[in-house]
Amino acid sequence: MSEIERNLAQVQQKISAAAQRCGRSSEEVTLLAVSKTKPASALAEAIAAGQRAFGENYVQEGVEKILHFRQRGVEGLQWHFIGPLQSNKSRLVAEHFDWCHTVDRLRIASRLSDQRPDNLPPLNVLIQINISDEQSKSGIPLSELDALAAQVSQLPRVQLRGLMAIPAPEPDYERQFAVARQMAVAFNELKSRYPSVDTLSLGMTDDMEAAIAAGSTMVRIGTAIFGARDYTRHTEQ
Ligand SMILES: *Cc1c(COP(=O)(O)O)cnc(C)c1O
(Lines of atoms letter the chains of each structure in order from A and count residues from 1; the text may use other names and numbers.)
(Lines give C-alpha, C1' and ligand atoms only; values in the text may rest on other atoms or scores of the structure.)
Protein backbone atom coordinates (compact mmCIF):
# COMPACT_ATOMS: atom_id res chain seq x y z
CA MET A 1 0.00 0.00 0.00
CA SER A 2 1.42 3.40 -0.94
CA GLU A 3 1.69 6.17 1.62
CA ILE A 4 -0.92 8.22 -0.21
CA GLU A 5 -3.28 5.26 -0.25
CA ARG A 6 -2.78 4.79 3.49
CA ASN A 7 -3.33 8.49 4.14
CA LEU A 8 -6.52 8.49 2.07
CA ALA A 9 -7.89 5.55 4.02
CA GLN A 10 -7.06 7.33 7.28
CA VAL A 11 -8.77 10.53 6.17
CA GLN A 12 -11.84 8.59 5.03
CA GLN A 13 -11.94 6.94 8.43
CA LYS A 14 -11.75 10.30 10.18
CA ILE A 15 -14.59 11.58 8.03
CA SER A 16 -16.72 8.53 8.86
CA ALA A 17 -16.01 8.83 12.56
CA ALA A 18 -16.78 12.55 12.60
CA ALA A 19 -20.00 12.00 10.66
CA GLN A 20 -21.10 9.15 12.92
CA ARG A 21 -20.47 11.16 16.08
CA CYS A 22 -23.08 13.68 14.98
CA GLY A 23 -25.54 11.24 13.48
CA ARG A 24 -24.69 11.92 9.86
CA SER A 25 -23.87 9.40 7.15
CA SER A 26 -20.31 9.51 5.80
CA GLU A 27 -21.86 9.51 2.32
CA GLU A 28 -23.09 13.04 2.98
CA VAL A 29 -19.48 14.25 3.03
CA THR A 30 -17.40 14.31 -0.15
CA LEU A 31 -13.63 14.20 0.18
CA LEU A 32 -11.91 16.66 -2.12
CA ALA A 33 -8.19 15.83 -2.42
CA VAL A 34 -6.31 19.13 -2.62
CA SER A 35 -3.36 18.46 -4.88
CA LYS A 36 -1.85 21.92 -5.42
CA THR A 37 1.95 21.86 -5.89
CA LYS A 38 1.87 18.04 -6.08
CA PRO A 39 3.07 16.21 -9.22
CA ALA A 40 0.74 14.18 -11.44
CA SER A 41 2.42 11.02 -10.09
CA ALA A 42 1.03 11.79 -6.62
CA LEU A 43 -2.46 12.26 -8.05
CA ALA A 44 -2.07 9.00 -9.98
CA GLU A 45 -1.47 7.19 -6.69
CA ALA A 46 -4.61 8.73 -5.23
CA ILE A 47 -6.57 7.78 -8.34
CA ALA A 48 -5.30 4.21 -8.07
CA ALA A 49 -6.62 4.22 -4.50
CA GLY A 50 -10.08 5.24 -5.75
CA GLN A 51 -10.00 9.03 -5.28
CA ARG A 52 -11.87 10.92 -8.02
CA ALA A 53 -12.37 14.55 -6.89
CA PHE A 54 -9.36 16.87 -6.90
CA GLY A 55 -8.94 20.50 -5.87
CA GLU A 56 -6.38 22.79 -7.50
CA ASN A 57 -5.49 26.39 -6.56
CA TYR A 58 -3.45 27.57 -9.53
CA VAL A 59 -5.13 27.72 -12.93
CA GLN A 60 -2.17 26.81 -15.13
CA GLU A 61 -0.96 24.01 -12.89
CA GLY A 62 -4.48 22.60 -12.60
CA VAL A 63 -5.08 22.65 -16.36
CA GLU A 64 -1.79 20.83 -16.95
CA LYS A 65 -2.88 18.02 -14.63
CA ILE A 66 -6.38 17.86 -16.15
CA LEU A 67 -4.84 17.49 -19.62
CA HIS A 68 -2.28 14.98 -18.35
CA PHE A 69 -4.98 12.55 -17.22
CA ARG A 70 -7.32 13.31 -20.12
CA GLN A 71 -4.54 12.48 -22.61
CA ARG A 72 -4.00 9.18 -20.83
CA GLY A 73 -7.69 8.32 -21.11
CA VAL A 74 -8.35 8.42 -17.36
CA GLU A 75 -12.08 9.03 -17.03
CA GLY A 76 -14.48 9.93 -14.25
CA LEU A 77 -12.28 12.51 -12.54
CA GLN A 78 -13.82 15.66 -11.10
CA TRP A 79 -11.79 18.88 -11.04
CA HIS A 80 -12.48 21.69 -8.59
CA PHE A 81 -10.86 25.10 -8.84
CA ILE A 82 -10.41 26.37 -5.27
CA GLY A 83 -7.90 29.22 -5.60
CA PRO A 84 -8.41 32.96 -5.99
CA LEU A 85 -9.59 33.64 -9.53
CA GLN A 86 -8.49 36.62 -11.61
CA SER A 87 -10.62 37.69 -14.55
CA ASN A 88 -7.88 37.02 -17.10
CA LYS A 89 -7.76 33.33 -16.03
CA SER A 90 -11.51 32.69 -15.96
CA ARG A 91 -11.63 31.21 -19.47
CA LEU A 92 -9.25 28.37 -18.58
CA VAL A 93 -11.36 27.54 -15.54
CA ALA A 94 -14.59 27.64 -17.58
CA GLU A 95 -13.10 25.43 -20.28
CA HIS A 96 -11.41 22.78 -18.13
CA PHE A 97 -12.78 22.52 -14.60
CA ASP A 98 -16.06 21.03 -13.35
CA TRP A 99 -16.41 23.28 -10.31
CA CYS A 100 -15.27 26.71 -9.13
CA HIS A 101 -15.43 27.29 -5.34
CA THR A 102 -14.28 30.88 -5.28
CA VAL A 103 -16.95 33.01 -6.93
CA ASP A 104 -17.08 36.27 -4.98
CA ARG A 105 -18.37 38.81 -7.50
CA LEU A 106 -20.87 38.93 -10.31
CA ARG A 107 -18.24 39.91 -12.86
CA ILE A 108 -16.34 36.65 -12.41
CA ALA A 109 -19.52 34.56 -12.40
CA SER A 110 -20.72 36.22 -15.63
CA ARG A 111 -17.41 35.60 -17.33
CA LEU A 112 -17.45 31.94 -16.28
CA SER A 113 -20.99 31.61 -17.64
CA ASP A 114 -20.14 33.35 -20.93
CA GLN A 115 -16.97 31.32 -21.38
CA ARG A 116 -18.34 27.88 -20.49
CA PRO A 117 -18.26 25.79 -23.68
CA ASP A 118 -21.66 24.68 -25.00
CA ASN A 119 -20.66 21.03 -25.18
CA LEU A 120 -20.08 20.87 -21.40
CA PRO A 121 -22.68 20.89 -18.64
CA PRO A 122 -22.98 24.20 -16.73
CA LEU A 123 -20.00 24.93 -14.47
CA ASN A 124 -20.83 24.16 -10.82
CA VAL A 125 -20.09 27.21 -8.69
CA LEU A 126 -19.90 28.01 -5.00
CA ILE A 127 -20.03 31.50 -3.56
CA GLN A 128 -17.06 32.13 -1.28
CA ILE A 129 -17.89 33.71 2.07
CA ASN A 130 -15.32 35.68 4.04
CA ILE A 131 -16.57 34.20 7.31
CA SER A 132 -13.70 35.30 9.53
CA ASP A 133 -13.86 38.82 8.09
CA GLU A 134 -10.17 39.03 7.36
CA GLN A 135 -8.94 41.90 5.25
CA SER A 136 -6.52 39.73 3.27
CA LYS A 137 -8.85 36.92 2.22
CA SER A 138 -11.25 36.87 -0.66
CA GLY A 139 -14.95 36.16 -0.35
CA ILE A 140 -17.98 38.29 0.41
CA PRO A 141 -19.53 39.06 3.80
CA LEU A 142 -22.71 37.11 4.60
CA SER A 143 -24.66 40.34 4.35
CA GLU A 144 -24.02 40.40 0.59
CA LEU A 145 -24.92 36.76 -0.05
CA ASP A 146 -28.60 37.18 -0.93
CA ALA A 147 -27.91 39.74 -3.63
CA LEU A 148 -25.04 37.83 -5.25
CA ALA A 149 -26.87 34.48 -5.10
CA ALA A 150 -29.89 36.01 -6.83
CA GLN A 151 -27.68 37.27 -9.67
CA VAL A 152 -25.56 34.12 -10.02
CA SER A 153 -28.63 31.89 -10.07
CA GLN A 154 -29.84 33.73 -13.19
CA LEU A 155 -26.74 32.97 -15.25
CA PRO A 156 -27.36 30.31 -17.91
CA ARG A 157 -24.05 28.45 -18.01
CA VAL A 158 -23.18 28.19 -14.32
CA GLN A 159 -25.11 26.32 -11.67
CA LEU A 160 -25.20 27.64 -8.12
CA ARG A 161 -24.39 24.65 -5.89
CA GLY A 162 -23.69 26.33 -2.57
CA LEU A 163 -21.10 28.02 -0.39
CA MET A 164 -17.41 27.78 0.43
CA ALA A 165 -15.28 29.34 3.15
CA ILE A 166 -11.71 29.30 4.45
CA PRO A 167 -12.03 30.22 8.14
CA ALA A 168 -9.04 31.79 9.86
CA PRO A 169 -6.80 29.12 11.42
CA GLU A 170 -8.05 28.42 14.93
CA PRO A 171 -6.81 25.61 17.18
CA ASP A 172 -9.81 25.53 19.52
CA TYR A 173 -12.52 23.04 18.46
CA GLU A 174 -15.42 24.95 19.98
CA ARG A 175 -14.44 28.11 18.16
CA GLN A 176 -13.91 26.20 14.89
CA PHE A 177 -17.39 24.79 15.36
CA ALA A 178 -18.97 28.17 16.07
CA VAL A 179 -17.63 29.62 12.82
CA ALA A 180 -18.58 26.51 10.83
CA ARG A 181 -22.08 26.68 12.30
CA GLN A 182 -22.53 30.23 10.97
CA MET A 183 -21.70 28.90 7.52
CA ALA A 184 -24.10 25.98 7.92
CA VAL A 185 -26.97 28.28 8.90
CA ALA A 186 -26.39 30.45 5.81
CA PHE A 187 -26.08 27.33 3.66
CA ASN A 188 -29.36 25.82 4.91
CA GLU A 189 -31.13 29.09 4.31
CA LEU A 190 -29.78 29.29 0.75
CA LYS A 191 -30.68 25.66 0.12
CA SER A 192 -34.29 26.31 1.11
CA ARG A 193 -34.53 28.96 -1.62
CA TYR A 194 -32.53 27.37 -4.48
CA PRO A 195 -33.17 23.73 -5.38
CA SER A 196 -29.75 23.42 -7.05
CA VAL A 197 -27.93 24.20 -3.78
CA ASP A 198 -26.56 21.07 -2.07
CA THR A 199 -22.89 21.75 -1.26
CA LEU A 200 -21.15 23.36 1.70
CA SER A 201 -17.40 23.30 1.02
CA LEU A 202 -15.86 23.69 4.46
CA GLY A 203 -13.12 21.99 6.46
CA MET A 204 -9.42 21.40 5.84
CA THR A 205 -6.85 19.11 7.49
CA ASP A 206 -6.91 20.96 10.82
CA ASP A 207 -10.63 21.68 11.23
CA MET A 208 -12.51 19.00 9.32
CA GLU A 209 -14.11 17.38 12.39
CA ALA A 210 -15.71 20.64 13.48
CA ALA A 211 -16.78 21.40 9.90
CA ILE A 212 -18.46 18.01 9.54
CA ALA A 213 -20.17 18.33 12.92
CA ALA A 214 -21.53 21.70 11.81
CA GLY A 215 -22.89 20.39 8.50
CA SER A 216 -20.15 20.53 5.85
CA THR A 217 -20.83 18.36 2.79
CA MET A 218 -17.35 18.67 1.24
CA VAL A 219 -14.02 18.77 3.02
CA ARG A 220 -10.91 19.97 1.20
CA ILE A 221 -7.92 17.98 2.41
CA GLY A 222 -4.35 18.42 1.19
CA THR A 223 -1.63 17.88 3.77
CA ALA A 224 -3.20 14.82 5.44
CA ILE A 225 -3.29 13.05 2.05
CA PHE A 226 -0.24 14.26 0.15
CA GLY A 227 2.03 15.46 2.98
CA ALA A 228 3.49 18.93 3.49
CA ARG A 229 3.73 21.19 0.46
CA ASP A 230 6.93 22.62 -1.01
CA TYR A 231 6.33 26.02 -2.60
CA THR A 232 9.98 26.82 -3.37
CA ARG A 233 9.78 25.81 -7.00
CA HIS A 234 6.35 27.31 -7.41
CA THR A 235 6.32 30.46 -9.48
CA GLU A 236 2.76 30.88 -10.70
CA GLN A 237 0.80 33.59 -8.90
C1 LIG B 1 -4.51 24.32 0.33
C2 LIG B 1 -5.98 24.39 0.55
C3 LIG B 1 -6.67 23.38 1.22
C4 LIG B 1 -6.00 22.17 1.84
O5 LIG B 1 -5.39 22.53 3.03
P6 LIG B 1 -4.69 21.44 3.97
O7 LIG B 1 -4.50 22.18 5.26
O8 LIG B 1 -3.42 21.06 3.32
O9 LIG B 1 -5.63 20.30 4.12
C10 LIG B 1 -8.05 23.49 1.31
N11 LIG B 1 -8.71 24.53 0.79
C12 LIG B 1 -8.08 25.52 0.14
C13 LIG B 1 -8.88 26.64 -0.44
C14 LIG B 1 -6.70 25.49 0.01
O15 LIG B 1 -6.10 26.49 -0.64
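Using the three backbone atoms N, Cα and C, a Cβ is placed for every residue, glycine included.
All annotation found in TrEMBL is predicted automatically rather than curated by experts.
According to TrEMBL, the domain 'Alanine racemase N-terminal' annotation covers 7-229.
Annotation source TrEMBL lists N6-(pyridoxal phosphate)lysine at LYS36. In three-state terms derived from DSSP, LYS36 (N6-(pyridoxal phosphate)lysine) belongs to neither a helical nor a strand segment and is classed as coil.
Mean pLDDT for the domain 'Alanine racemase N-terminal' (7-229) in this predicted model: 97.
Within 10 Å of the C-beta of LYS36 (N6-(pyridoxal phosphate)lysine) there are 19 other C-beta atoms, taking all protein chains into account.
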